[in-house]
Each structure stands twice: as C-alpha cells, then as structure tokens.
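Student: Grabbed the feature section from Swiss-Prot, which reads as follows:
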CROSSLNK  K171  SUMO2 cross-link
DOMAIN    24-136  domain 'Calponin-homology (CH)'
MOD_RES   A2  N-acetylalanine
MOD_RES   S11  phosphoserine
MOD_RES   K17  N6-acetyllysine
MOD_RES   K20  N6-acetyllysine
MOD_RES   S163  phosphoserine
MOD_RES   T180  phosphothreonine
MOD_RES   R182  omega-N-methylarginine
MOD_RES   R196  omega-N-methylarginine
REPEAT    174-199  repeat 'Calponin-like'
Amino acid sequence: MANRGPAYGLSREVQQKIEKQYDADLEQILIQWITTQCRKDVGRPQPGRENFQNWLKDGTVLCELINGLYPEGQAPVKKIQASTMAFKQMEQISQFLQAAERYGINTTDIFQTVDLWEGKNMACVQRTLMNLGGLAVARDDGLFSGDPNWFPKKSKENPRYFSDNQLQEGKNVIGLQMGTNRGASQAGMTGYGMPRQIL
C-alpha cells in the first residue's frame, strides 16, 4: 500500500467497510493455529492487522502452513525461501493459493494475492485461512494440529437410500400442496340456490 495514495469518497467508504470486517479475535486464533500447524518455527507477530499482514506478506509462512497439512515428502510447495523482492513474495503467495485450491478450498473462498500483499482485504485472507482450517479438521487424516473447535464444523454428506417399494408407496401419497382428502368436505351440502331441507 506504500505506492497507493489515500482513498477518497466512495472508495474510502468501501475500504472502511472492508476494514470493519477484520476480526482481531480471529487473528489470534489463526496465529495460534499457524504456529502450531507449521513444522518449522515461523515466529509470532505482534497483535494488529498490519503486523499480521507483514507476517504473512512474503508467503513463506503460508507455504509452511499448507506443507504442514500434507504428509512428509508430499508437500505441494517444494521451494520456500524468504525474499524481499515483491515478485518473489507474490509468487509464493500464489503458490499457496494454488496449493489451497488443490487441497479442496473453493475458488470463490480464496483471496486474491493483492488482498494480502497490499493489505486491501485482510478479512478475506482470514476467511480463506478459516476455510482451510475447517477443511483440514473435516478431512480427519491425522495431519491437523491444534484445537478442532477453533474452526466451524463442516457438514458431512448424509445420503438416503430408498427401496423400490418405498418409492412406489410415495407415489400414492397426496402431497399437501394438492390439498388433503381428509377433514372438512362438501359432502351432504346442497347445491347453490336450492332450499334448505329442515326436518
């Protein structure tokens, strides 16, 4: 963000809205998980959005994180090296994003490289890391480190199987959208305009 001037008007309002979505409590949970999950010592940043961004900005921590979710020798990011060059840092971030997508994160849940590198949308970075953690817990392959309660529980598939007889019986049931054949009916009523028969 050093090369960008201040935002004004609508751009400023949009940026402020995005910045309000950032969760400081979630930041602490993510830092705790990342330091636990990484096999190497990746350090620990001071609290704050900018410190969190600077910690993740060069991509080495993210690459160590995604490698920690795979067994030894099957790491998706082979070469991790700290660099001060902008393009090297962005390349490592994009390697993490590609590996996260292969791991199973939806493309719509993944942040853009500039969201992290320029600090444009750190809330989106948090959401991606939360989805990654939740998916790692749901996989239950023994490679997740940390407390599973840090992440929302993913729903599991619960298929229903019906026999042919059950499916055939279902065709005989009148759906409630069609009305019902029980309860009040017009049985015993006289037609319109006819006199009532009182006996």
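The first residue you see is number 1, and the count goes up from there.
Placed from the backbone N, Cα and C atoms, the Cβ positions cover glycine too.
On this model, are these features tucked inside or out on the surface, and what's nearby?
Tutor: Taking Cβ-Cβ distances under 8 Å and a sequence gap of 6 or more within the same chain, K171 (SUMO2 cross-link) has no neighbours at all.
Mapped onto DSSP classes, the domain 'Calponin-homology (CH)' (24-136) shows 72 helix, 0 strand, 41 coil.
For S11 (phosphoserine), no same-chain residue that is 6 or more apart in sequence has a Cβ closer than 8 Å to its Cβ.
For the recorded site, K17 (N6-acetyllysine), the DSSP three-state label reads helix. Sequence-distant neighbours of K17 (N6-acetyllysine) (same chain, 6+ apart, CB under 8 A from its CB) do not exist here.
A 10 Å cutoff on Cβ-Cβ distances gives K20 (N6-acetyllysine) a total of 9 other Cβ atoms nearby, all chains included.
If you take the C-beta of S163 (phosphoserine) and look for same-chain residues 6 or more apart in sequence within under 8 angstroms, you find none.
Other Cβ atoms within 10 Å of the Cβ of R182 (omega-N-methylarginine) number 7 in total over all chains.
Other C-beta atoms found within 10 angstroms of the C-beta of R196 (omega-N-methylarginine) number 5, with every protein chain shown included.
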Student: What kind of secondary structure is S163 (phosphoserine) part of, going by DSSP in three states?
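Tutor: Going by the DSSP assignment, S163 (phosphoserine) belongs to neither helix nor strand, so it counts as coil.
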Student: Can you check how the pLDDT averages out over the repeat 'Calponin-like' (174-199)?
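Tutor: Averaged over the repeat 'Calponin-like' (174-199), the predicted model reaches a pLDDT of 70.
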Student: Can you see whether DSSP assigns R196 (omega-N-methylarginine) to helix, strand or coil?
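Tutor: SS state of R196 (omega-N-methylarginine) = coil.
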